[in-house]
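Participant: Provided herewith is a single structure, encoded as structure tokens, for subsequent inquiry.
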Amino acid sequence: MDTPNTFQNDDEIKAQAQVWKHMFGFAETIMLRSTVSLGIPDIIHNNGPVTLSQLVTHLPLKSTSIDRFHHFMRYLVHMQLFTISTDQITKEDKYELTPASKLLVHGHQKSLAPYVMLQTHPEEFSVWSHVINVLDGKKPYWESNDTSMYEKTEGDPEINEILNDAMTSHSTFMLPALVSGLMKENVLDGVASIVDVGGNSGVVAKGIVDAFPHVKCSVMDLNHVIERVIKNPKLDYVAGDMFTSIPNADAILLKSTLHNYEDDDCIKILNIAKEALPSTGGKVILVEIVVDTENLPLFTSARLSMGMDMMLMSGKERTKKEWEDLLRKANFTSHQVIPIMAIESIIVAYS
């Protein structure tokens, strides 16, 4: 009888490790949400390096098992969200922030905490449970919610607030990279006016005005959005629907907008944007993910994940070729892709 070969080579061990990692990939997502929900980065930020027992006293929980919380923090250290150092006097272990967890502190300019709470919301997981159905043309968000993402957001104050906080957080976070890209390539040279379509709270518009004082900037969004935002005296605010009309300007800005839509709707939006431009010299400025960009390859996984996420929402993240085809169908004469220090790129389309 042949003796079973129980030897496992390095490749098989690596394969096992890969499958185990993906099998429990959900754990990192849930732990990320949990640490933000508990405010652990905020606690350490406000109090400096803290011991486990000190950290427990600040948690928003009625009671906490020290042993279980130790296991909890051990996993977060493994995720490189926190580090452990030993106090030279007391010899106690203390937890400190890492560059990653510094991005999870609420209220900072560079905080992704609100975006984490949006992307890890239980309703997001509910939609992802229908991912296979997207392959035969179904719309997972509809299947999960019996409505579109936009109707759900408008009709649910809690979700609406989470979404708006996340969008404001993300815009604030990537604004320096956007402004730097616009400056480096002189994108706003000769531009006296710009409309930020879907500009929400006006974070990006305010950043543009501060960096380019010669530009008059307007924020356009749906009526219920414009009604609730705190107005900035440096900006004009316009309630409207981008599928109907866009105010005239030298440049139209669409940040993280077109990825919400399939090609036909994008072409409609782009055509309306083009109608708002002057007969010569106008430009549409897109801030969107370019899936196959060679810029910042560390973001490749995130870009591909966003591509899947937007597909579930009946949207689409696009490659260089797909952006080129889309802009050509919308009759733009040329375009330029500008890599920036962010997950997105700037795409300037010339009319």
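Yeah, the Cβs are placed from backbone N, Cα and C, and that goes for glycine too.
Feature annotation from Swiss-Prot assigns active site, proton acceptor to HIS259; the stated evidence is sequence analysis. The annotation S-adenosyl-L-methionine binding site is assigned in Swiss-Prot to GLY198, ASP221, ASP241, MET242, LYS255 on the grounds of sequence analysis.
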Participant: If you count other Cβ atoms within 10 Å of each one's Cβ, which of the binding-site residues ASP221, ASP241 has the most?
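Facilitator: The residue with the densest Cβ neighbourhood is ASP221.
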Participant: What is the biggest Cα to Cα gap, in Å, among GLY198, ASP221, ASP241, MET242, LYS255, the residues listed as binding S-adenosyl-L-methionine?
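Facilitator: Looking at GLY198, ASP221, ASP241, MET242, LYS255 as a set, their Cα atoms extend up to 15 Å apart.
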Participant: Would you mind pulling the DSSP three-state label for ASP241 (S-adenosyl-L-methionine binding site)?
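Facilitator: SS state of ASP241 (S-adenosyl-L-methionine binding site) = coil.
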Participant: C-alpha of GLY198 (S-adenosyl-L-methionine binding site) to C-alpha of the residue listed as 'active site, proton acceptor': distance in Å?
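Facilitator: Rounded to a whole number, the Cα-Cα distance is 13 Å.
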Participant: Does LYS255 (S-adenosyl-L-methionine binding site) have same-chain partners at least 6 apart in sequence with Cβ under 8 Å from its own Cβ, and which are they?
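Facilitator: Listed in sequence order: SER171, LEU178, ASP196, GLY198, GLY199, VAL204, LEU286, VAL287, GLU288.
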Participant: Which residues does the residue listed as 'active site, proton acceptor' neighbour through Cβ under 8 Å, counting only same-chain ones at least six apart?
Facilitator: GLU288, ILE289, MET306, MET310, GLY315, LYS316, GLU317, ARG318
